[in-house]
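Database features (Swiss-Prot):
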- 63: active site, proton donor (ACT_SITE)
- 11, 34, 61-70, 117, 179, 188, 208-209: substrate binding site (BINDING)
């Protein structure tokens, strides 16, 4: 279930910033956007309502990670917002992920974070004390996510083939850390171009600063969209 639109990370601090950014796009251009912690904590459910009124699709990226009952209750609230996709941390465990699925219901796509794309293998081993390879850790989390009945995972594009092999071809792989060729990588450790992510089998890509901080965001979006669709 590949999405042909790049998901734009709306990494802005205020609703006003989002309004100014989205106003640059034609009214009939329906986007897929990611609303993360900073923006949601600043603007609350109002940001969801505003973006949905414009007709855009929303990935609400809050990465819930708590005891199963708390996550279930939180997901029940989020289910009423009308988001198209949201997520949890796979590290919360199978029971927590099952509770999240139950609370959210069957409508929105529910995925789990494996290892953040800012995490290196050295950091994983030193801080998390996980003594496998980074790829093995990600694939393990993906298998547990599938076992819990979720729709897919957030992962680096580099791990997509192994995840598909270990789960199934319909298991969603949403990949952040996407940068056009020559763009600054910022705080991402495991990056890939849109065209390479397409070739390797990613289902969704998330792109932030190369679009939101571009001199012409609309042109940057269309360029990345063309690369993503191998045009």
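Heads up, the Cβ atoms here are built off N, Cα and C, so glycines get one too.
When the Cα atoms are compared, residue 11 (substrate binding site) and the residue listed as 'active site, proton donor' turn out to be 15 Å apart. According to its DSSP assignment, residue 62 (substrate binding site) is in a strand.
In this structure, the binding-site residues under consideration are 68, 208, and the one with the smallest number of other Cβ atoms within 10 Å of its Cβ is 68.
Over all protein chains present, the Cβ of residue 11 (substrate binding site) has 17 other Cβ atoms lying within 10 Å. Here the C-alpha separation of residue 63 (active site, proton donor) and residue 117 (substrate binding site) works out to 14 Å.
If you draw a 10 Å sphere around the CB of residue 62 (substrate binding site), it holds 17 other CB atoms from the protein chains shown. In the shown protein chains, 25 other C-beta atoms lie within 10 A of the C-beta of residue 117 (substrate binding site). Cβ neighbour count for residue 63 (active site, proton donor): 18 (other Cβ atoms within 10 Å of its Cβ, all protein chains included). Residue environment of residue 65 (substrate binding site) contains 18 other Cβ atoms, counted within 10 Å of its Cβ in all protein chains.
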